[in-house]
């Protein structure tokens with residue numbers, strides 16, 4: 001004879017195993033943004049613990065003795081508690097998609113966003129009170145669980161956040177992909193319908209099984225969505241590499257360099273030969289950056305900078321002075337990060353100064369990572385006005401984008417009119 005109770009327990013335990021595996025895969029994959037990763041993993045783990053607790057409550061139901069007495073009560077409380085937590089995690093998850101750019105602007109999000117957290121907190125408090133008042137459920141003399149007269153309140157309090165989330169999804173549906181919208185609505189609709197059915201029929205924990213199925217939908221949708229995001233980022237990075245390469249081999253720079261080489265061929269053939277070698281190395285490194293998807297050793301980037309500066313010094317002569325203070329070089333950096341900054345220091349800084357000036361290039365190790373400083377004593381500029389002009393400073397905007405996406409680095413620029421400019425690149429320590 002088939003034991004329905006044991007089949008039910010087995011289904012829930014297997015569901016919990018799936019949730020643990022899903023959480024582990026999502027965590028290892030690291031395809032998510034940090035905030036979304038934490039929420040999705042929390043949802044999967046909460047559902048796993050809920051299933052284990054429900055399986056335990058079924059197993060020890062009617063189990064007499066002190067151990068059985070406490071086990072049933074703890075497991076049932078845990079089921080209700082984690083069901084509320086999952087609702088809160090789910091709400092945080094959809095908000096991470098719908099209001100990603102407004103997470104720090106609380107006034108710009110609907111009041112419903114905050115209301116769900118308030119209802120969730122109230123639900124937990126009511127659950128705790130119910131442990132002493134037995135509003136939601138009670139246990140008979142045989143240690144068997146029974147719903148009580150106010151059980152409907154727990155369902156209503158649990159469904160209110162779902163209704164509010166449903167209205168948010170409908171209102172802001174254009175911010176989601178079709179597959180993500182479908183999975184998020186399915187997660188709401190299926191359990192809500194199931195909860196309505198269970199109001200009039202009580203047998204197996206159909207709601208928990210439906211929640212697990214919906215978790216599968218969310219898991220698959222999240223993986224698909226983040227694969228698309230990853231592909232989009234790779235495309236953007238490829239476009240950035242092409243963009244920066246084209247900015248580095250501009251016709252104007254090539255023309256000026258070739259003109260300088262032509263002049264040196266007559267005046268100083270040996271120096272002309274040296275300049276051709278430097279120019280060839282500069283072009284080779286620039287073109288190589290088109291296919292380089294990972295960070296490169298800083299020494300290689302520094303070599304590229306030196307080739308560029310050698311060419312510029314031959315063009316401008318004593319108007320360009322360079323001082324190196326390289327205290328640290330055993331780290332990696334996105335390709336073509338320092339050279340565009342140095343180019344700006346010459347083009348917009350000392351190049352506009354009557355007698356030229358000096359460029360300092362320094363590196364050092366800090367508590368949080370590595371710091372590269374490029375400083376000049378040129379004419380300086382209005383940082384906000386100039387950096388807003390993306391057409392003129394495509395290289396700097398490109399550097400900022402690639403630093404952030406490739407290694408979590410930042411570029412900070414400070415300038416004072418008439419005194420000069422200081423650009424600081426910060427590269428955080430990378431996991432080995």
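These residue numbers are counts, starting from 1, taken along the chain as shown.
Placement of Cβ uses the backbone N, Cα and C atoms for every residue, glycine included.
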The annotated transmembrane segment range in TrEMBL, which must be one of 72-94, 233-255: 72-94
Long-range neighbours of the transmembrane segment (6-28), counting only residues six or more past its ends (CB under 8 A): 37, 40-41, 44-45, 47-49, 51-52, 54-55, 58-59, 204-205, 208-209, 212, 215-216, 219, 222-223
Model confidence over the domain 'Signal transduction histidine kinase internal region' (241-318) (mean pLDDT, whole number): 81
Whether the transmembrane segment (150-172) meets the transmembrane segment (115-138): three or more C-beta pairs under 8 angstroms: yes
Same-chain residue ranges lying at least 6 outside the transmembrane segment (206-223) that approach it to Cβ under 8 Å: 11-12, 15, 18-19, 22, 26, 29, 31-32, 36, 40, 43-44, 47, 50-51, 54, 79, 83, 86, 93, 179-180, 182-184, 186-187, 190-191, 194-195, 197-198
